[in-house]
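Participant: This structure is in structure tokens; I'll ask about it shortly.
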């Protein structure tokens, strides 16, 4: 399989796990460019049409579960008789591996893991999906300690398929609920039982029931009470042990009504007012069949004899007669008592017979009556009605209820409508109102993660206000409730202010601004500016921007720094003087006739608009011209003799050699 592409999309990289029914591979999604886990069903199941049909239906339904503590299922398919599920890849280890390495797990850590677990299973139950195979092997922990529950689809598909492979059975039987062990259908309370077993294992480092075979372990789930956790870990608070004991009650009726109720108990287990609470005890079942001792005729007479002996007056004394007649008198006295004794025995037997026929059956076999329905009643009225029906009032327990108003009766144990014997003890469950949820400070957390958690807790009215902020986009920066505030989810409006990230600033072209203009612009949009660098420029005036980094059009956020280079103006280069030696020849038309010579100079100080010098020569003349030339410019001189241009030369600024 390594290197193969499934459906042309998922490239198998390596095998990362396997079990009795599937192998798990690390793969890469070539389309979305992400790592995924691909679970391939073994060929053993490829020809089981019923399994395949249920597998597809259940796996598809599992894709609807969107929860941060449930492994997301991305795809389900089949290729060449290979059925596969593509799911989120979790880089970490199973809870089973974590327990083996760290058991017993500290109570606080175990409770934190359990809260994530119950949150995940609660979400599944709200979507009418039962896991049915909760065990540490199906629970993953990533490297940040986040819990991820997996194998929803496969667990539910297996529930309708007969599995006889020994390894498969043994893998789950330690966490099997009693109703599953006896062959019944798994339900939501079966998941609660399995959660209790997982919690037991985390806190003690061992399983509550073990045996030589799967059957012996299953029988213990059916017949044996969950042992005390304190036997192996005496530091466990009673409130924490109570969660396990209630979750693993044999009768589903005595377990938590929902995973939400279990989660609430876990969340408050370490509260000071709960930590030393009374140990959870399963209420006595007065409806159970009990062995009644056999009362025989012999036993009745034995009791009677004992009664006579017990009633004998041991303090009375009889003075013996000292004459010969005394013995005869004593014998006569004994003979006279026997008739009375026989009469007494007869009377007592008659009374016993009457009692046996009339009273004893009432005591040993009281009439069966139906438990009246007191749901919705005031507790005092409910008690009166139960007493009137010849029941004994037991405990009044407080529970949450979405339907029954606070202070009224939610249910009874035994429940209304059951036929039980007169004198049975009835526990009353009184409503404390709708279940409240303790809010937390969610600022700094991802809005998408928080909203999933809150929606799973039945919050419906949630609003979001997106604002620009320096926080990471999608992060909650404000909320309309306090940390620790308790609210009813269905009746509460939640408001979150969420960061859109910093507001982008499109940087303008700063090259037409001077230093003050740049600073004013930076201040107006919340940017910092660095104007420490200056350069000479031949054309840009001093104090104006030559260049900027980033360039115009760049996206910036408040607090970013822009760097500009300012002009120092044109660099001051001193003029240079060029000395030009010239010779003006004398060439008259007539000997001795003077020639007019005009010299024009164009340099830094002179202009050719008028002659620099006019001469009249009668012989060849040598002159020295001092030309002052500015940097980047030129000088020129022109010699005109008798109105004819004799010399004309342009001289550039002399560069350094």
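Keep in mind that glycine also has a Cβ here, set from the backbone N, Cα and C atoms.
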Participant: Looking at the ranges 319-339, 340-360, 361-381, which is given as transmembrane segment in TrEMBL?
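Facilitator: Going through 319-339, 340-360, 361-381 one by one, TrEMBL gives transmembrane segment for 340-360.
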Participant: Provide the three-state DSSP residue tally for the domain 'PASTA' (501-568): helix first, then strand, then coil.
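Facilitator: So the domain 'PASTA' (501-568) is made up of 11 helix, 28 strand, 29 coil.
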Participant: According to DSSP, how is the domain 'PASTA' (365-432) divided among helix, strand and coil residues?
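Facilitator: Secondary-structure breakdown of the domain 'PASTA' (365-432): 10 helix, 28 strand, 30 coil.
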Participant: With DSSP as the yardstick, break the domain 'PASTA' (433-500) down into helix, strand and coil residue counts.
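Facilitator: Grouping H, G, I as helix and E, B as strand yields 13 helix, 24 strand, 31 coil.
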